[in-house]
Amino acid sequence: MVRSLIRRVLGRQDVGVSNAPLELPPSDSRERARAMVMGLQDQICAGLEALDGEGRFVEESWVRHEGGGGRSRVMREGRVFEQGGVNFSEVQGEELPPSILKQRPEAKGHPWFATGTSMVLHPRNPYIPTVHLNYRYFEAGPVWWFGGGADLTPYYPFLDDARHFHRTHQAACDSVHPDLHKVFKPWCDEYFYLKHRGETRGVGGIFYDYQDANGTLYKGQDPSGPAAQVSASLGARPLSWEQLFSLGQANGRAFLPAYAPIVEKRHPMAYGDRERDFQLYRRGRYVEFNLVWDRGTIFGLQTNGRTESILMSLPPLVRWEYGYTAEAGSREALLTELFTKPQDWLGDASLDERCRPHGAIN
C-alpha cells in the first residue's frame, strides 16, 4: 500500500516543487536496511566483547505499542567499559513528530518507517575516549533518506587518536565518493556543538542526515557554515539509494578499526584521582548535549520510544563543578582550548607544535 502511494504521489505534477527524492527505493528497501543495521549491531557487539575481555552485553528485547520494537544491549562494569550500549530499533507509525516535519514537511500525512542502530561507550580509564555511532534509514510516503555518523569525545588530548579516527572514516567515505568526507567532517563539528558552552562535544568524526537522491550533500541547519560552504562549492552530488546504503555499511564496518587501536593503546595507561575527576566533569558536557541539543533524543521522546533505550547514551557517573577553569598550561587546558574546537585534524601540521609540549601527540 505504501509503495503504491509513493508512486501515486511521485506521479503528481507538483512533485518537482517538493524535496521528494526522484528515485524510488528498491522494493526490499526496508528489509535490507533492517538487516544492515542489525548486522552492524551484531558485529560491533562481538568486537567490543573481544576488546573488553571480561564484559558481556546483556540483551533486552522490547516492543513499541504503536508499532515496531528493538533490542537493547548493555555492558556494565567491564574491564575497559564502565558502561556501554548498542541499540537496534525498527519503528513505524501513522503520524510524524514535529522534529521530522520541521525538516521534511512533504512527509506529512504518510505512514512512516524508521530503523537504525546506535551506540555509546563510556570507558573507565580517562585516557580512553567516549565514542558514539548511529546509522539509520527512514521512509514516509514519497520521502526516504539515510543518516548516520560517528564521533569521538576524548577527556585527555592525544593527536594521534583524533587523526586515526578521522583517517579511518575518511577512507570509508572515500570508498563511496571522494567528496563525502569534505562535507560530513565539518557537518559533524557543526552538529555536535554545545551552543550554550561554545564547544564541540569532542574531536568530531563524520555526520550526515537527510541523504537521498536529491541536490547537494549538506542538508543541515546552518546555511552559512563551513559544511554548507564546502557543499555549495561542490555543487549537486546526488547519490543513489545503493550508494547511500553502501555508505552506512562502509562506515559502520569502519568503527572497530577506527576505535579498537585507540583502546588498546590507552587502556594500560595509569591514572589517578585528578584524571578521573576531570573525566567526570567533562562527561557533564556529554549529558548536556544529549538532553538539550540531540535530535535523536528529541525524536525518540516525541515518538513515545523506549525511554531506557533513548537515555542509554548517558554516562553512569558524572559531576558538575561551578565555575571550573583548567589550570593554565595543563593537559586539561589543552583539551578545552584545542580539542573542543573544530580543527583540520588531518591537514593542519601546526597541531603537532601545540600538542608536543604536553606529550599529547602519541
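Note that Cβ sites are derived from N, Cα and C of the backbone, with glycine treated the same way.
Cross-referencing 142-177, 286-321 with Swiss-Prot places the feature region 'Important for dimerization' at 286-321.
His132 (active site, proton donor) falls within a strand when secondary structure is assigned with DSSP. Neighbour density at the Cβ, taken as the number of other Cβ atoms within 10 Å, is lowest among the binding-site residues His122, Arg136, His166, His196 for His196. Candidate recorded positions: His132, Asn134, Arg136. Nearest to His166 (divalent metal cation binding site) by Cα distance: His132. The Cβ neighbour count for Tyr135 (substrate binding site), using a 10 Å radius over every protein chain in view, is 26. Taking Cβ-Cβ distances under 8 Å and a sequence gap of 6 or more within the same chain, the neighbours of Asn134 (substrate binding site) are Gly116, Thr117, Ser118, Met119, Gly147, Gly148, Gly149, Ala150, Gly296.
Measuring Cα to Cα from His122 (divalent metal cation binding site), the recorded positions that fall within 10 Å are His132, out of His132, Tyr135, Arg136.
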